[in-house]
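A.B. asks: Supplied in structure tokens, the structure appears directly below.
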Amino acid sequence: MSKKKKQDRPAPETLQLPCVGVESHAHLDFKPLAEDLPAVLARARAAGVDRLLQIFLGPEAYRNGVALFEAHRNVDFAIGVHPNSAEQCTDAAVAEMEAICREDARTAGRMKAIGEIGLDYYWDRVDPAVQRAAFAAQLELARGLALPVVIHSREAHADAVAMLKDLGFAHRPVLWHCFGGDLDQAREIVAAGWHVSIPGPVTYAKNTALREAVAAIPLQRLMLETDCPYLTPEPWRGTTNEPALMAFTAVEVARCKAMDPAALWAATGETARAFFGLPAC
Ligand SMILES: [Zn+2]
């Protein structure tokens, strides 16, 4: 599929999803998207994406990027130091994130979550002990601000679950972003009262375990995301990902759940609005 020529691939708006979708995880401040942001957001809307959550990877990313979104009020924010940069999660960085969130709460009200935070044992970049300390500090930040948490967990499922439970986050608003796990991991997440966000790789032929997990996750716990500019779904795999392409992920998730794609799109959008406290359509 990824070898297909561009002109052979269907445009996302041809899927005709209603404009009620919510993209729960985008990096719109990353270069290929930031340079073309008005067009990226216009294509998202044409494909049925009504609102988006922009993930800032720490206070510096927020300072550098927030102005990009001044004119785009359907974009809300999350902020957190990624586990692959956990050494940057100093006391000063946590204090700055707290100040950013408190200032935002008094003014724009666009900061909706702490994340992505968590553990990544796949990329051997940062000592796991340093990652765990950064994760714990940012979970405390989320608790103090009463904000939901967006989790990044890669090859670290058991440790991430254990830390969340030990720190009292069972049955609190926790979203497992970019879920790529199996049925057992999905069941563990659901049993703890948490939510799951499904990215484009659910469309990849080899990911049968993920599709099996998706089928078992209750609809009320499911959200959709791109994690753009990464993880482009089929049939656009091999190109830069962007929010409009989440429509293809929705069609595959709907197939896993034996649902109409438009109904799945609306339901996951509603779940994301309730979880992050986003305005209704
Ligand atoms: Zn991300």
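Every residue, even glycine, has its Cβ placed from backbone N, Cα and C.
From TrEMBL, here are the annotated features:
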- HIS25, HIS27, GLU116, ASP227: divalent metal cation 1 binding site (BINDING)
- HIS152, HIS177: divalent metal cation 2 binding site (BINDING)
A.B. asks: Below 8 Å Cβ to Cβ and six or more residues apart, same chain only. Which residues does that give for HIS152 (divalent metal cation 2 binding site)?
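C.D. replies: Listed in sequence order: HIS82, PRO83, GLY115, GLU116, ILE117, GLY118, LEU119, ASP120, HIS177, CYS178.
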A.B. asks: Would you list the other residues of this chain near divalent metal cation 1 - those whose C-beta lies within 8 angstroms of the C-beta centroid of HIS25, HIS27, GLU116, ASP227 - in sequence order?
C.D. replies: ALA26, ILE55, VAL150, HIS152, HIS177, CYS178, GLU225, THR226, CYS228, TYR230
A.B. asks: Just to verify: the residue among HIS25, HIS27, HIS177 with the fewest other Cβ atoms within 10 Å, which of the binding-site residues is it?
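C.D. replies: Result for the binding-site residues HIS25, HIS27, HIS177: minimum number of other Cβ atoms within 10 Å at HIS27.
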A.B. asks: In three-state terms from DSSP, label ASP227 (divalent metal cation 1 binding site) for me.
C.D. replies: coil
A.B. asks: For ASP227 (divalent metal cation 1 binding site), what residues in its own chain, 6 or more apart in sequence, show a Cβ-Cβ distance under 8 Å?
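C.D. replies: Residues satisfying the criterion: HIS25, ALA26, HIS27, HIS177, CYS178, PRO199, GLY200, ASN241.
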A.B. asks: Using a 10 Å cut-off, grab the number of neighbouring Cβ atoms around the Cβ of GLU116 (divalent metal cation 1 binding site), all chains included.
C.D. replies: 27
